[in-house]
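Comments concern the structure below.
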């Protein structure tokens, strides 16, 4: 009976983890689809750019603590330390979003849309600290339920409000409220069964956690900036009237599958936690076997994605968004290949984090970031959207090669 119960539990964990990560992949796709169909090209461009800013600033809210938290098998820090640290980083995220809007002179409608999307993404960061705790206790089924229910309700609320009112600002306010309610229902409530939140704040633990997570945060911030650099460049070109309205939205549509590809890795989170367990027990044989199995799964999934993207990728995206994207075939396939490269690099980075050498990851991220800044703008001005794509794929390749080199060096020590 115990074996059967355990199998059923593992099945539940897998199913809910898949549902949760799938809904996370779908939410940005569906929100942009609704906006592009209901509102004007200009409003769609504003939403696309604002969502990119939200994705950038949530790295401050998350501070990449999840990678450390979910592999903290020995419980070096208590949940209260992770929670209060998250409150600090979320406060910084919101404060910086206000400063960004002010310094960027994004007044009126555009500024408000940026801030509301940042506020919504801040609720994602709050929810994430609970999901990290569930993962740490090998209960990704609860984390998956939280993600799935919250994402589905956000999609439903946003769609209904935008279709009925045609008001983007009101729709964003609605999803912020929905997200907060879902955190209470699907994160805080079940967390009571695993931990109690002490009111005593340990400043030393918070500082220690921030210090240990800083290399991961810096890496995450730089990585998302590399992802967003093409969109920032296109925004600059649009503001100078060098590209027409709608190009930002079209590029974001082409870029959407990149994040979905990265979410393939999230399906494998239970195995990453298991790798951390093997490493903590110094079970090298099991660690290597699981590492090879994960690599094979990622390789096969990548090949399947490349084939599917070539034959049905653009037709499906064109149908879903109601925009003819067929002339972007080369751009799209290069972006897909870049996304696959980034997925493998993320996998290597997690392996480096498991062996607690995450401070070394600053090297590949900084080099990739500098290369992205140096080449993307000039390539975009010279070749347009395809130039932006070239800059992205070069940056991804640099990231993967440097990370892999570091991992091999550390394994040989």
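Any Cβ shown, glycine's included, is placed from N, Cα and C.
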| request: Examine the ranges 273-292, 293-312 and name the one recorded by TrEMBL as transmembrane segment. | output: 293-312
| Tertiary contacts of the transmembrane segment (251-272) (same chain, 6+ residues out, Cβ under 8 Å) | 13-14, 17-18, 21-22, 24-25, 28-29, 32, 36, 48, 51-52, 70-71, 135, 138, 140, 227, 230-231, 234, 290, 293-294, 297-298, 301, 305, 309, 313, 317, 321, 323, 325, 328, 331-332, 335-336, 338-340, 342-343, 346-347, 350, 354, 385, 388
| query | Which listed stretch (83-103, 147-165, 206-227) has the most C-beta pairs under 8 A with the transmembrane segment (12-34)? | reply | 147-165
| note | Same-chain residues at least 6 beyond the ends of the transmembrane segment (332-348) with a Cβ under 8 Å from one of its Cβ atoms are 223, 254-255, 257-259, 261-262, 264-265, 294-295, 298, 302, 305-306, 309-310, 313-314, 325, 364, 386, 389-390, 392-393, 396-397, 399-400, 403-404, 407
| Restricting to the same chain and to residues at least six past its boundaries, which positions have a Cβ under 8 Å from a Cβ of the transmembrane segment (147-165)? | 16, 19-24, 26-27, 30-31, 34-35, 38-39, 127, 131, 171-172, 174-175, 178-179, 182-183, 185-186
| If you count Cβ pairs under 8 Å, which stretch among 83-103, 171-194, 293-312, 360-380, 386-407 touches the transmembrane segment (206-227) the most? | 360-380
| remark: Under 8 Å Cβ-Cβ from the transmembrane segment (293-312), and at least six residues away from its ends along the same chain, one finds 257, 261, 264-265, 268, 271, 275, 332-333, 336-337, 340, 343-344, 347
